[in-house]
């Protein structure tokens, strides 16, 4: 039999969801609408005048080859960050789950980087890899790699990917660890009795049972990589060299907050919003089918 | 929206912190001076407040130049603007355009309204000319100004057996000799648009853009893809291929290369002096005037400044503005300016401060620290050398960074990159013109 809560007053349920709706309206729909509106205008920095320019801001963006390259950069960046952050944290979670002694100690240490702000995470890595001062760059030189992210675009992109992924590992680790701990021991023991080795047990039992967590983290990580990383890029490479690390969200920030070109920045954020809505849709429509709840 | 609320929250905090001095007229001063520079600004404010019984200056550090300017503009849009905001030189066109719409209280008006005797000619012409309107009236108060100089590692030059280069041909030769003597990245520079395009052009009396480098009207267009600049950039690119130039990033990132001895010739702001004096212990360093490109000019013109000025925003009470005028008098007095100059390496912005530093024998104890001021006052500034004033210039500098990086990494030659930079920059100029009609 289905359990149902019946409200006596017809008004009460609406009243109860009202705060949530109000928050969504004020903090999501209103700014989103404002961005959409601003994207059809050009405006001076101090806001004295604005002119309707219809689609001009959009047209200019799509005529800019550098902007179009950003889509590819963003995709490489987003996917690499998500894959790197998730695989490393899964590995760590599996390892931490097996640790018997001092388990809390390890876990605390692994969760620590999450408290670091993205910009700082960037700066830490930037410093480690600095061609003149960085210890990692020094090691790389010793093994024959000439590291200069000021000049080499691929190296710069790698740098921001590593920094962004490193920061996200802790968050993913927490969820994976919780996921692993909720897998019933009896299943694994049964498989062990059937002579399945640890690797096989992981891929046939643990990993499928973790898919809801993995899927959730995939969505969260991609959103993080697409939206949350502008400060990291701003604090380190500033989108360069050339435009090798100009991911879309960094351009939104740079055009709007640094360049004070609000129209173009708004148009870019509308495009980015569209892209992420599309991506999330694809994820829920196609990837979620593979998830076993 | 988010920014607005953060801003108003910080304003509230700033106000709460200062209610103690309730009976004084309060002035909010937003600046971008961190570290040692910020400490001196705080000292100035404290000294001033101590000596004034009617005014209270609240100096607040708001982040770097761009962050500070963005914060002030956002605050203005929300009606919460500070009285004084420090804006770097590339933001000048934006501030001026806002001035025409009434957001700015021009300094010459402020001083006149407050009845302060203000003598514009006491300031260095190369500094003042960057910030005056078409009638030669000062719009913002010069505060910290510097100019790029050639920093050199004397110890390394001696070891390589070469003198300090004075021309670009000599730079090439010296860099080669340095490389042979084991210096890994002989030549480099920071703030490349400022040092190698804007100042290179001014130094050789070449315009960067039409309409007097943008001073005359918003219809200006960039012209820095001329033969001289192209050859100059190509020369550096060739040095890069040879290994005698190594690019070390935008802004001042390559400072590390110079400080740890990897680079022995480095072009960047004279304002690095204060830090170098503290950080460089392993070798002898010095500064010299920018090299001359003998193929372009027989003698240098003058270099142009970088750094920032203090802009006054409209929308406050007149007693408060009287305090602003008074405070400006205070910070530009010879004593304060000489102290600032000697501690930081920024140029003294008044002749009086320069004279005072001479009297105090600063240039004897710290030789060559007057290189910057000599460069700036070498000749009377011409329309091509009094500065640049372009809209959206922060973004234009990013474009120049991108295009030059494409040259340094060998993806483009100098001509293609500069043509592209000019074309992209002009688009932004047209956009600025349209937005500020």
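Every residue gets a Cβ built from N, Cα and C, even glycine.
Whatever TrEMBL says is automated annotation, not expert-curated.
According to TrEMBL:
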- A:12-33: transmembrane segment (TRANSMEM)
- A:71-283: domain 'ABC transmembrane type-1' (DOMAIN)
- A:75-97: transmembrane segment (TRANSMEM)
- A:109-128: transmembrane segment (TRANSMEM)
- A:156-180: transmembrane segment (TRANSMEM)
- A:201-227: transmembrane segment (TRANSMEM)
- A:266-287: transmembrane segment (TRANSMEM)
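Within the same chain, residues 32, 34-39, 57-58, 61, 67, 215, 218-219, 222-223, 226-227, 248-249, 251-252, 255-256 sit at least 6 positions outside the transmembrane segment (A:266-287) and bring their C-beta atoms closer than 8 Å to a C-beta of that stretch.
Sequence-distant contacts of the transmembrane segment (A:156-180) (same chain, at least 6 residues past either end, Cβ-Cβ under 8 Å): 73, 76-77, 80-81, 84-86, 88-90, 92-94, 96-97, 107, 110-114, 116, 118, 121-122, 124-126, 129, 149-150, 206, 209-210, 212-213, 216-217, 220-221, 224-225, 229, 232-233, 236-237, 240-241, 244-245. Proximity of distant same-chain residues to the transmembrane segment (A:201-227), defined by a Cβ-Cβ separation under 8 Å and at least 6 residues beyond the stretch ends, is recorded for 74, 77-79, 81-82, 85-86, 90, 94, 164, 168, 171-172, 175-176, 178-180, 183, 187-188, 191-192, 247-249, 272, 275-276, 279-280, 283, 287-288, 290-293.
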